[in-house]
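K.L.:
Here you go, one structure.
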Amino acid sequence: MAFLDNGNHTAVTEFILLGLTDDPFLRIVLFSIILCIYLVTVFGNLSTILLIRVSSQLHHPMYFFLSHLATVDLGISSSVTPSMLVNFLAERSTISYLGCGIQLSSAALFGTLECFLLAVMAYDRFMAICNPLLYSTKLSTRFCIQLVVGSYIGAFLNDSCYILSFAFFLFCGPNKVDHFFCDLSPMMELSCSDASVSGVVISFTAGSITMTTLIVIVISYFYILITILKMRSTEGRQKAFSTCTSHLTAVTLYYGTIIFIYVMPKSTYSRDQNKVVSLFYMVVIPMLNPLIYSLRNNEIKGALKKQFYRKTLL
């Protein structure tokens, strides 16, 4: 639709991303920093996926979900970071209509998947701590696969709202996107067609998913906390807390940023603040998650040592 003419107006076929800054020196500095972050993100998440796959002691539901979370983190970061790095070095930061749609769609898809997987992982911790005797029975391989497949289906359904909305937007005027990627809000501002209905639908679906998954997480940890407080063994409490700390940290970072970006009224913060928080959410958090889940996890550290030891003997 972006390639059709609208009366006397020529439809926009490419967009200019204004990015984070116009300063040439800052662009080089940001390029260097974000490139390092992206390389650590790719290495950390790929290492997590491969370690879980090759280590038999990590073939449990918790690590099955963690491997999918690492895949999603790779997807979130890769949906925007490579093009952002290229734009830092380009004189004119442009993106095609199709490229913009793909970027918007992939960011929405992986962002939704992260919400679902964090909720699934909270349920996994609830079953492991509150119902340990039923854990292996309830979270069978088949059920774990069903939870992950359901997460992907839910994410694709939500993503279809973004795809359809973007497809029906008509861009015939300004083509400067005041962001470092094609986020929905600045794209709606550029649309010549009425985007109010699309905005309401997407706000409802995205808000419903955010709140529903957050409620699942809160309820799960409410029962986990009650169970931990009832434990008589100090060692048992510490072990239970340690298994939840990593996940709670990841949840706090992720939901804190998306609530700031998509739930808080836009009048309470500036566009530049939105860019910084979006950068943290899409670039920094995917790098931090492998570190968060590995530094406090003795099973992952043990599996990593075992693999290194095995390599040195070969």
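Just so it is clear, glycine is given a Cβ too, placed from its N, Cα and C backbone atoms.
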K.L.:
From the set Asn8, Asn45, which residue is assigned the annotation N-linked glycosylation site by Swiss-Prot?
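P.N.:
Residue annotated N-linked glycosylation site in Swiss-Prot: Asn8.
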K.L.:
Going by Swiss-Prot, do Asp183 and Phe308 end up on one side of the membrane?
P.N.:
no
K.L.:
Counting Cβ pairs under 8 Å that sit 6 or more residues apart, are there three or more between the transmembrane segment (241-261) and the transmembrane segment (58-78)?
P.N.:
no
K.L.:
With every protein chain in view, how many other Cβ atoms are within 10 Å of the Cβ of Cys192 (disulfide bond)?
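P.N.:
Cys192 (disulfide bond) is surrounded by 16 other Cβ atoms within 10 Å.
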K.L.:
Determine the Cβ neighbour count for Cys100 (disulfide bond): the number of other Cβ atoms within 10 Å of its Cβ.
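P.N.:
So the number of other Cβ atoms within 10 Å of Cys100 (disulfide bond) is 24.
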K.L.:
Tally of helix, strand and coil residues over the topological domain 'Cytoplasmic' (50-57) according to DSSP?
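P.N.:
Split into helix, strand and coil, the topological domain 'Cytoplasmic' (50-57) gives 7 helix, 0 strand, 1 coil.
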